Amino acid sequence: MAMEVEGIASNTKSFNLSIEQDQEKGTQNEDSGLTSAHTIDHDSWQQVGLLLVTSYNCGWILTFSNLILVPLGWKWGIICLIVVGLYVVYANWLLASFHVIDGQRFIRYRDLMGFVYGKTMYRITWILQCSNLLLVNMGFILLGGTALKEINSEFHNSPLRLQYYIVITGAVYFLFSFGIPTISAMRNWLGASAVLTLSYIIMVLIVLVKDGKSNSNKDFHISGSEGSKVFKAFGAISAIIVCNTGGLLLEIQSTLRKPPVKNMRKALYSQYTMGVMFYYGVTIVGYWAYGSMVSSYLPQNFTGPRWINVLINAIVFLQSITSQHVFAAPIHEALDTRFLEVNKGMHSGENLKNLFLLRVLFFLGNTLVTAAFPFMGDFVNLLGSFSLVPLTFTFPSMVFIKVKGKKSRKAKKAWHWFNIVFSSLLTIATTISALRLIIDNIQKYHFFADA
């Protein structure tokens, strides 16, 4: 199938170039036939597994008690956590198998969809991914700013406006992404990230158990009209999807050494065993501790002592620096491959200047938008609806129908057609729910609100 799609080269005499500082320039990879400014076919499954566990246990998990269990309550909340979680695991397990088709390796989701369905699906996939990853990055900037403001509020009754902390967070994220430009280059930082992740989760759980035992007036009632409850339930489902996946599996898988499918599934096993135990655990214990009064950011409910509140927020901020970089990597890779010279080192001469400008423009734009729209819950619900649902559920089944449909049993083809139809309807429902929530908040707040 011949088409003009970025990143897909001919199957003969094609090159995979990496311009990372510690890689040789012009490195050949005879399998892929792809060009990237970032490293391909390099990392172990243990490194990627640790990357997934730490990245998905970032400070965002401190919002999920409010976003998931408050709208759903205990019964439907636990059911949805399990069922939707298993559905996400299945979808990612399936998508990982399409990283290699007939010996050709696809290092980008859009390349896979372009190869199977043509230019239009290439563009649609990239638009959805960009929308999703930009919203994720803005959410991280908001998370970091919120953590810094919480620290300041422990020492001052009138802390500075949230926007100041958002700007500080954006600047720190920029410095890290400039100095550590790729996912593979993060390997020396993953150990520190794992220590930070485990530390803050243990401290959060200790505080939650203490507060939960002393809180005798818990209310688990789901408030609102019947219609409002339905909309909020779809928003909660979006949040469950967000906490389990990010729409960039193939891009992370591209860093794995051979065999990439087997190794990616080992990494996913790490995420959906050890990783899920942490972020589901914090979500459930947080709701148990505070009931329907749980805040959209758990530390705002903590009763102290002051030092542990400060320490948890400080660690959340530091841990978010590495986590946000993972979810921004596909956009960085696209920009770096387009504007840097692949036959030269990433930190040499003209490339260094271009890299600096690319990162400045990326974080300047995201920081400005985040400061103007500081509504964390809206970010989570929106990215989990119109973009992440089709990327996670619809597209993998579409690829299956096209690649394996003719040789598959009727029951299996029917299952994937059901996935396509069901996930498309879910996309519509969750997007309507997310837009409704955004409209409600726009009516309540103003631009650059000190939320």
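Including glycine, each Cβ sits where the backbone N, Cα and C put it.
Here's what TrEMBL has on this protein:
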type	residues	note
DOMAIN	43-433	domain 'Amino acid transporter transmembrane'
TRANSMEM	48-70	transmembrane segment
TRANSMEM	76-101	transmembrane segment
TRANSMEM	122-142	transmembrane segment
TRANSMEM	162-183	transmembrane segment
TRANSMEM	190-210	transmembrane segment
TRANSMEM	230-250	transmembrane segment
TRANSMEM	271-290	transmembrane segment
TRANSMEM	356-376	transmembrane segment
TRANSMEM	382-403	transmembrane segment
TRANSMEM	415-439	transmembrane segment
Counting Cβ pairs under 8 Å to the transmembrane segment (76-101), which of 48-70, 190-210, 271-290 comes out on top?
271-290
Tertiary contacts of the transmembrane segment (230-250) (same chain, 6+ residues out, Cβ under 8 Å):
55-56, 60-61, 63-64, 67-72, 76-77, 80-81, 84-85, 88-89, 91-92, 95-96, 98-99, 106-109, 112, 128-129, 132-133, 136, 224, 264, 272, 276, 279, 283, 326-327, 329-330, 377, 380-385, 387-389, 391-392, 426, 429-430, 432-434, 436-437
The transmembrane segment (162-183) touching the transmembrane segment (382-403) per 3+ Cβ pairs under 8 Å rule:
no
Below 8 angstroms Cβ to Cβ, which residues of this chain, lying six or more residues outside the transmembrane segment (356-376), approach it?
63, 134, 137-139, 141-143, 145-146, 162-163, 166-167, 169-171, 173-174, 177-178, 181, 296-297, 328, 331-332, 335-336, 339, 438, 441, 445, 447-451
With Cβ distances under 8 Å as the criterion, find the stretch in 48-70, 122-142, 162-183 that has the most pairs with the transmembrane segment (190-210).
48-70
